[in-house]
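S.K.: This is the structure, below, for whatever I ask next.
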Amino acid sequence: MNFRCSSAPLAELGCDGVALGLFSSSWQQQLAALLPAMAAQLQPLLEQREFKAKGGEKHSFSFPGQQPSLVIISGLGEPDSFDGLALRKAAASLALASRGSNLKALALGLPIEAFAPDQALTALMQGCRLALYKDERFRSENKPSLDPGEIVLQGLASELDQQLAQQEAICQGVMLARELVAAPPNVVNALSLESTARSIADQFGCELTVLDEAACRERGMGAYLAVAQGASIPPRFLHLVIRPQGPVKRKLALVGKGLTFDSGGYNLKVGGSQIELMKFDMGGCGAVLGAARTLAELKLEGLEIHVISAATENMVSAEAIYPGAIVTASNGKTIEINNTDAEGRLTLADALVYACGLEPDAIVDLATLTGACVIALGDEIAGYWSPDDGLAQQLNDAAHRAGEGLWRMPLQSSYKDGLKSGLADMKNTGPRPGGSITAALFLKEFVKPEIPWAHIDIAGPVWSDKGRSTDPSGATGYGVRTLVEWCQAVAADAKEGLSQG
């Protein structure tokens with residue numbers, strides 16, 4: 001699928017399909033201005049269907065033998081509520097409405113006058129591209145795509161075409177994350193994630209370090225290896241480095257939880273626990289590898305990025321870790337494992353210690369960590385915790401620009417009492433109330449206090465049963481866009497600071 005920008009009127013684009021978004025207060029005037037030659041045909045048809053241009057209202061009309069032969073019209077509601085996220089959703093909705101029409105080209109006409117050109121371009125292209133994503137890898141027959149061959153983003157100057165490659169790189173990162181998370185655990189495991197990381201390194205000239213079990217043991221990664229010891233597939237600790245072409249001004253670490261399947265261990269997941277979906281427990285790893293694929297292509301000036309994941313499975317076997325076992329993490333802290341189904345934080349513990357050893361300017365980890373976060377925020381919003389207000393604001397702003405839901409949660413220090421152990425430095429779980437908070441407090445024990453750090457719990461938005469806006473059902477690729485936006489902002493700030501002296 002190709003994209004291009006054009007400031008020419010819709011009627012002059014020569015597309016066989018046109019998709020419009022109209023505001024409820026002025027839809028007749030907008031229709032006449034956008035498609036003057038067809039307005040007299042379309043307005044009576046819309047009135048017959050009692051079209052009010054309410055948000056989400058959508059109608060399609062076929063005109064065989066005419067140009068365009070298909071017109072799709074969507075209501076946008078009132079203009080005062082039409083923000084960047086609404087623009088992204090409108091583009092996605094109109095693109096999906098064209099699916100199956102086998103158009104050569106679809107002209108997309110949405111009101112973008114209130115947006116900066118680059119903001120509009122991002123929302124329109126990502127909205128369309130990601131909504132039309134379809135995973136056909138595991139079907140016996142691949143049906144031919146009937147999606148538009150080209151989508152023309154009307155109202156944007158053709159000079160903006162040079163930015164389309166950057167947007168395609170971001171979409172490719174999201175789609176890689178979706179593919180990794182959606183694939184079954186007999187396809188994606190620690191070894192295949194190593195192959196994915198190596199593919200990124202080879203394609204874009206990055207550095208990859210892979211630690212096997214012996215190397216992890218030499219580094220004292222007892223928490224990570226306690227989880228891995230029950231699996232028949234060997235663990236792989238992945239460290240991908242994306243270096244800029246010039247001098248390094250900032251160094252960031254992205255850490256992703258990489259549990260390719262989570263049985264719960266001896267605290268086995270039972271009915272209602274969605275064990276059949278526990279392939280998505282590596283959603284954090286999927287997100288950071290997806291972001292790595294994008295960032296490796298973009299090569300942001302002055303920014304060195306370290307992507308880290310401790311990949312393994314959490315399985316039941318004769319070698320699996322016992323409930324009640326005490327293990328030692330690589331920073332020397334001892335952990336009583338009172339629940340083997342709280343394994344992700346154990347793998348992250350050693351990954352965070354490793355990341356701190358790189359002395360980055362900031363660390364962000366992503367993990368499908370707790371059901372408690374899903375209960376609190378649902379499946380559209382991730383929760384995040386950070387003791388650093390500056391980093392927290394950066395992530396909040398990045399998520400807003402990316403169109404991904406993110407909500408800051410409290411690091412209530414008194415809740416740390418719930419992690420007290422009578423035998424070890426701490427337990428790996430606390431009481432059920434505030435479970436996502438105690439999980440974040442646990443992770444905080446493995447981060448040097450002088451390094452800005454944030455933990456993002458993506459257990460809710462990593463997966464969508466029914467699909468939503470730009471996300472088809474299944475794996476969403478959540479987190480990639482936010483991470484890329486954050487890295488871009490950090491690189492821009494570093495460049496601006498340098499230029500100011």
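The first residue you see is number 1, and the count goes up from there.
Backbone N, Cα and C atoms are what each Cβ position is placed from, and that goes for glycine too.
Per Swiss-Prot, the features are:
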ACT_SITE  K269  active site
ACT_SITE  R345  active site
BINDING   K257, D262, D281, E343  Mn(2+) 2 binding site
BINDING   D262, D341, E343  Mn(2+) 1 binding site
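Distances, neighbours, how buried they are, the whole picture for these features please.
M.R.: Within its own chain, K269 (active site) has D262, S263, I275, M278, D341 as residues 6 or more apart in sequence whose C-beta sits under 8 angstroms from its own.
Listed in sequence order, A367, L369, N428, A439, F442, L443 are the same-chain residues at least 6 apart in sequence whose CB falls under 8 Å from the CB of R345 (active site).
A coil conformation is recorded for E343 (Mn(2+) 2 binding site) in the three-state DSSP classification, outside any helix or strand.
Using a 10 Å radius centred on the Cβ of D341 (Mn(2+) 1 binding site) and all shown protein chains, the other Cβ atoms total 19.
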S.K.: For the recorded Mn(2+) 2 site formed by K257, D262, D281, E343, name the remaining residues of the chain with Cβ within 8 Å of the site's Cβ center, in chain order.
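M.R.: Near the Mn(2+) 2 site, beyond K257, D262, D281, E343, sit V227, G258, L259, M278, M282, N314, G344, T347, A367, T368.
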S.K.: Please classify the secondary structure at K269 (active site) using three-state DSSP.
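M.R.: Going by the DSSP assignment, K269 (active site) belongs to neither helix nor strand, so it counts as coil.
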S.K.: Can you tell me whether DSSP puts D262 (Mn(2+) 2 binding site) in helix, strand or coil?
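M.R.: In the DSSP reduction, D262 (Mn(2+) 2 binding site) maps to strand.
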S.K.: So if I measure Cβ to Cβ from K257 (Mn(2+) 2 binding site) and keep only same-chain residues at least 6 apart in sequence, which ones fall under 8 Å?
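M.R.: The answer is D281, M282, G283, G284, C285, S309, A310, G344, T347, L348, D365, L366, A367, T368, L369.
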